[in-house]
Amino acid sequence: MTHAEIALKADRLTKRFGQLTAVNQLSLSIERGAIYGFLGPNGCGKSTAIRLLTGLLIADEGEVTVLGQPLAGHEEALKSRIGYMTQKFSLFENLTVLENLRFVAAIYSVKGVQAKKRIDELLQLYGLSERQQQLAGTMSGGQKQRLALACATIHHPELLFLDEPTSAVDPENRRDFWERLFDLSAAGTTILVSTHYMDEAERCHGLAILEHGIKRADGAPRELMQSMSANVVEISGDSLRQVKQRLSALPDVISAAQVGNHLRVLVSKSVDDAIGLLTPFSDNYDLALVRPSLEDVFVSCTGGRHVG
Amino acid sequence: MWARLWAIVTKELKQLRRDRMTFGMIVMLPLMQLMLFGYAINTDVRHVPAGIVDLSQTSYSRQLFQMVSATQVVDFTQRYYSAQAADEAITRGEVKAVLLIPADFSSRLVLHPAFDHNREYSPLTRPVAQWLVDGADTMVAAAMRSLRNMPLTELTAKGVTLTAPSFEVVQYFNPEQRSVVNIVPGLLAIILTMTMVMFTSAAIVREREQGNMEFLIATPVKPVELMVGKIVPYVFVGLVQASIILSVGHWVFAVPVRGGLDSLLIASLLFIFASLTLGLVISTLTKNQLQAMQMTVFILMPSILLSGFMFPYDAMPIPAQWIAEVLPATHFMRMVRGIVLRDADVFSLSKDALWLLGFTCVGVLVAAKRFNKRLE
Ligand SMILES: Nc1ncnc2c1ncn2[C@@H]1O[C@H](COP(=O)(O)OP(=O)(O)O)[C@@H](O)[C@H]1O
Ligand SMILES: [Mg+2]
């Protein structure tokens, strides 16, 4: 793809809440049909960024272009072309699944036979057919999440925003959920999804790592891992905690974290021989250079200040 | 536009049906208030606990005691043997009033023109007995003052020759002077203010608090659709309440509904709309349900005190009247009392009707304008 269509573009987006800058000079560009992820810890500005991109909050600085139109001034027209699944369950807990779907269909002006067909289709697709008459508030996290996705996609949006859609869902449901996202993406829907799970972030076509509202890295997960500014050394042996303390004091060591019975050490790329640097501090241990994971990328981007 | 509006209305109705608490309030609130105000709050003062000090101990004094008892304004529950004991009893709060019959009661009586019509009032005429009254409660005090000019002719066997009063008073409406007749229609205004403002003032903040609003404002729904869709279901609620109040008022308290039901319906609808939009405006001004509740009380208090429900509008100081004029309850109070008690129709009350209509239109506009589709 040399000349892909851009579905969403943001240019130096900034949002302040009093003293706090929740989103700071965020620029990004998402191709049509891609799944793009926001990865970052709680409070890093993922939700705020999504609200800015959907026009629910007004940016202090910067511009957004959605589906080829500037967002400012076209918010209402664009709302029928985008779907938004909020972080907190935002459908009506004292309405049934079917009532919620019918309500949302009417709000998006999906009418009559078409609405009925679409609702049946969604109930089928998201495995909610048997629960049509159940009150939304009485469902499990995974079921609520599927209902929310069904509602957010009822009008076939071209652009879909999902704010931490899997935070209240067990791993198996998460996998199914991502299958549905790939289906949507294959059908041409552009998806922006925020998460703080590494495994989910790794499935995205493109990824932005956010910290304190600032974008620290942007690219395909594989690219990010390859172009990482650190080498990863895995150390195995006994009493790793002492080694960890010794290594953490070194200026070129970005971070050292225990993973099972290994110690995973990130060493700045400015050091040519990472193993050589570490060996004097860890005699009698096995040292090996390993392939970086997305978590390593995340840690090296954020300077090891956060994990997960 | 209409499909979305309809969707919001049906959604609200379904939610309302499942909300047992609110549903119960719709019915119980008017019933309870009606019983409270109808039975307990009775401005016709009767059965004031009273005591007597009879220093005269004559057949006349015993007859006077009988006569005063017969008025039912007071119930003599205590007997004291000195003025001082009576004084202390009032201070203790044992009784609200004491009838003090002096030792020279008989000689005072025979000289009194109310007893003997051949005598004239003169500066030397002395009252035959004395009332000691706990004046803290003005309502009780006023009732006691009404006993001041009680005719004493019954004490003589001479038959009745009354003096001609200066004015003849012809009472239109409410011939028995029962305060409940005036209270029930007034209560309609108060209860509707309370419930209508309360329901809608919470309507939008609640969805904000529960997170529904973030989803809603990301959809193409328009503010006006949301505003109107939220108040329409409560119009029915208001009409149900109005029917409850007026029928219970009619069957239990025998309050006549003189005016046409069509006028009553129009007036009630106008007021319901005005109160609902007031609630909506509150809802767009506040950040959470607690604030909305406080604002509701802030509106409710003057509506109860200044609308003419508690005190006659004309007797209030001018600044209070200005405030009262702003409140929808005042206008409705005038209309509903006019219609229910005096058989007025909406057209003869058009000033108040127009005011409520204007209030509603401005209210909806303000609410829709205040409610922008943003999170801030
Ligand atoms: N409406 C708001 N007012 C003030 N501060 C806010 C508001 N919304 C978010 N914040 C702050 O902005 C930062 C980013 O929040 P958020 O975007 O919700 O993070 P995330 O979704 O990544 O957890 C947090 O520090 C949060 O406290
Ligand atoms: Mg968030």
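In case you wondered, yes, glycine gets a Cβ from its N, Cα and C as well.
For B:21-41, B:183-205, B:231-252, B:264-283, B:295-313, B:353-371, the entry in TrEMBL reads transmembrane segment. According to TrEMBL, the feature domain 'ABC transmembrane type-2' maps to B:137-374.
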Query raised in the report: Sequence gap of 6 or more, Cβ distance under 8 Å, 3 or more pairs: do the transmembrane segment (B:231-252) and the transmembrane segment (B:353-371) meet that?
Result: no
Requested in this report: Count the CB pairs under 8 A between the transmembrane segment (B:21-41) and each of B:183-205, B:264-283, B:295-313, B:353-371, then give me the winner.
Outcome: B:183-205
Query raised in the report: Out of B:183-205, B:264-283, B:295-313, which stretch touches the transmembrane segment (B:353-371) the most, going by CB pairs under 8 Å?
Result: B:264-283
